[in-house]
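Annotated Mg(2+) binding site per TrEMBL: B:E43, B:C62, B:L397, B:H449, in sequence order. For B:C65, B:C446, the entry in TrEMBL reads Fe cation binding site. Marked as Ni(2+) binding site by TrEMBL: B:C65, B:C443.
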Amino acid sequence: MSKLKLATAWLDGCSGCHMSFLDMDERLLELAEFVDLVYSPLVDLKDFPDQVDITLVEGAVASVDDEAKIKKIRAHTKMLIAIGDCAITGNVPSMRNPIGPEPILDRAYIENATLQPQIPCVVVPKLLKVVRPVHEFVEVDVFLPGCPPSADTFHTALTAIISGEPLDIPALTRFGA
Amino acid sequence: MSQTITIDPVTRLEGHGKITIQLNDQGEVADAHFHVTQVRGFERFCEGRPFYEMPALMARICGICPVSHLVASAKACEAIMSVRIPHTAAQLRRVLNLAQMVQSHSLSFFHLSSPDLLLGMESDPTKRHIFGVAAQNPELGRAGIALRRFGQRVIELLGSKRIHTGWVIPGGVTDPLTAANRDEILAMMPEAYSNVKLALAAYKQLASNFKQEIEVFANFPSMYLGLINEDDSIEFTDGTLRLIDEKGKTVEESITATQFPDLIGEAVEPYSYTKFVYYKPFGYPEGSYRVGPLARLNIVKKMGTPLAEPELAEFKQLANGPVESSFYYHHARLIEVLYGIERIEQILADPLILDKHVRATAGVNRLEGAGQSEAPRGTLHHHYKVDADGKMVWANLVVATGHNNNAMNKGVLQAAKAYVRNGKFTEGALNRVEAVIRTFDPCLSCSTHAFGQMPLAMTILSADGEVVDKVVR
Ligand code: SF4
């Protein structure tokens, strides 16, 4: 059997979901016998590959880069899994929504700057007006809640998906778990 | 025609970033920048919320070093409450912060950087990752995973959750340590020692292959900042900040969290969502300095644990004065892992460690408070203002990546000049430029509490900044 292609992506999150994925510890090495990690902050490929079997996405969609990234990922992924509360509900990043991006930027780069106050605009991507969860931009196949979902949740879910077995998510995790 | 090379995203980093390298008409490197490309807004959206929520909220800045944010945030809250936390709570937090340092340093060394060191800067990029390391050297790969597991498991045994524990609260911690959990941590010690010794030995052997990288990986004089105890030993959770100059002379003896804003400023550059932190009396950028493992080992005079002490002495032999090459961040990181394991063992031997009194309570007694801690990658500062009801009215955070931002940018330029010549470069050359950033272990997650994303990309820009072409590596 050829290995499945696995990708992980990080939008506007804290990387805690990725860390929890790594918390599978030695079980990662077992998993690596069934899947190849083809794209991820942990590997060097710079462009999302043409065809990926499973992609795990952490974080909400908060900038024009995030939006372009998630659309590209969706177009090249068979199964898209939203991992963690940020990807699923907007969670912490969406706390800025009632305020809007301008006051956020003003506070950080104008008011709380000692020198050269200015809003960065060179190379860095523009913020979207509101932060929204992944499924508001593209179709999501599986939702794995938690802040973050535990390593056991990752392991049980991925093992079931790889072996084609049924997946009972409410038995594994909940929001904020 | 002048061009710009863009590395986008910078990979094997903790966050989202890009590097651009500007070439002049002769194809020589004229300038280079490291861009952090995400912004989040914690400093603003925390306002109006009760201050005692801050540790749990601020921890969501970063899933890699949530503990350091918990600690700095709780300390800022305790300054507002004007309480001293119980001895046992302080010791338990210290264990928690050290455990996080062990896991985060292991992540940085093994999962992110060891592929460059073990497999080579020029090795096949599709295999240059932790699984490639595990395939080539299973013992080293497993040691890395196990060391990280050790740190995370200690955190779990204390705070009942590996990432985003709610255990640290203003006033102390929610629950005491149980004897069973202490004993489980102590039982893990032998394996942790053997893994860190293996890593140190492997690093020292590999480092001799990287003489040129050591020369050009952000290798320049700078000042250094980090927490230190009164007896000049290393500290991560309490103590005060010391700033030393490029010769090792003390510039500021002990900066408290309260004095910090008078001495440390933040400048903004248009190309990064992470601010540039500097020592105010020297101005910007002259007042720039470095933080993190390299800085801490340059500042301290002793470690205070038996195995780390001779390692520090050996480290200090690398230079006459402060150790300047950022390549040596890797070396310093592994010494700190060893120290962390030893120190956790020492603290757990404290007979009071199982004491049930682990929390002090108080309301709002001051309208402003600040707290600092050492995150694995460097100094962390939280500064809050509240109203009489304890609702947040203002916050400012200064994180490790901001302190190191100027050095990272200078380092990228130094390495790019060494590896990109006559407009020619290889994949391996660009990987070296990225590897400079990896030595700092910047946390783009943290640095983007305001902004941030940290992948690395390569684009060709014209002299006026127009995108001419995109280079696919
Ligand atoms: S769900 Fe929680 S752990 Fe995951 S990215 Fe969001 S804040 Fe971080």
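The backbone N, Cα and C atoms fix where each Cβ goes, and this holds for glycine too.
The DSSP secondary structure for B:E43 (Mg(2+) binding site) is helix. For B:C62 (Mg(2+) binding site), the count of additional Cβ atoms within 10 Å of its Cβ stands at 31 [all protein chains shown]. The separation of B:E43 (Mg(2+) binding site) from B:C65 (Fe cation binding site), Cα to Cα, is 18 Å. When the alpha carbons of B:C443 (Ni(2+) binding site) and B:C62 (Mg(2+) binding site) are compared, the span between them is 8 angstrom.
Those binding-site residues from B:E43, B:C62, B:L397 lying by chain A, with Cβ under 8 Å from one of its Cβ atoms, are B:E43, B:C62. Just so you know, of the binding-site residues B:C65, B:L397, B:C443, the Cβ with the fewest other Cβ atoms around it within 10 Å is the one at B:L397.
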